[in-house]
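See below for the structure under consideration.
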Amino acid sequence: MPRRGPRAWRERLRVYFAQHAQALVSALGRLWSRPLQSGMTAAVLGIALALPAGFLLALQNLQTLTTDWDGGTRISVYLALNADEARLGELADELSADDRLSGVQTYTPDEALEAFRQLSGMDDALDLLDDNPLPATLVLAPRRDLPAAAVAALADELAERSGVEQVQLDQEWLQRLHAIVELVERAVWVVGLLLGAAVLLVVGNTIRLAISNRREEIVITKLIGATNGFVRRPFLYEGLWYGLLGGVLAWLLLEIARLWLGDTVSGLASLYSSGFRLSGPGFTGALQILGTGMLLGWLGAWLAVGRHLSAIEPR
């Protein structure tokens, strides 16, 4: 009668893990014995993984940038030309108490003209004017967490106030940008799914060739009583190694791209008075890339083994 005590279970577990460790190491050895083929396969997988990961990183950086711009949304309130500074101060006090706003700036007509003079450099032309054509102005900063619809409603509300001639909301371009970002995000997922399918096909074809090259070995192994699970195991680990190597290469490609583009992007951002910095995958992103590569490699190998191994049986 077979033993079923704790000692027997420990022995079975030891043998189980020893077999998996042997299959893991032997799979790596087979990859090492074919450096050119293994390197080319890993390179294809690395590029296929780097493309969607790079698009996702670019999208995340763009979303970070648009979030910063969201905080820069401004509402410009232009008063009527006949409105005096008292009305400007009164309106500023009212709006300062509005909890939908995080900041209120006021510009008298003279201050607005001076600001325009400094920005435009048209000193000579402005000196020819008999009267100041610019109205008193308030520049309002909505709270960062205020929804776009609430900001638009606030602008409409301000336009109805007494003494207000015009309200300009600097947000329409940002809404268009958000729509573009959403479209790009969906396109990235489509590209990612297609390239993920390509990874499965590449790994599956590589494992299929490996099975074909080891056909006689598989037949002999089955003749001496090996199960399909035992025969399948090294091929699954081979796919896992391919996925891991492809993930490492994808991570390296992304880091190289970040280092190459980082200074250029930072320099461009500084021209717009922004401290934006291009971010890379980071530790969590690297783990996700490696995990995705290993999962796709294992799945591609499993599909190939399940289809072709069953056709190899001793006669």
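Cβ atoms are placed via backbone N, Cα and C, with glycine included.
Worth saying up front: this structure is predicted, and the values here are computed from it rather than measured.
Summarising the annotation, TrEMBL assigns transmembrane segment to 40-59 (among others).
Taken from TrEMBL, the feature domain 'FtsX extracellular' applies to 74-167.
The transmembrane segment annotation in TrEMBL covers 187-207 (among others).
The feature domain 'ABC3 transporter permease C-terminal' is assigned by TrEMBL to 190-306. Here the domain 'ABC3 transporter permease C-terminal' (190-306) has a mean pLDDT of 86 out of 100.
For 240-261 (among others), the entry in TrEMBL reads transmembrane segment.
Annotation source TrEMBL lists transmembrane segment at 281-305 (among others).
When each of the listed stretches 187-207, 240-261, 281-305 is scored by C-beta pairs under 8 angstroms to the transmembrane segment (40-59), 240-261 comes out highest.
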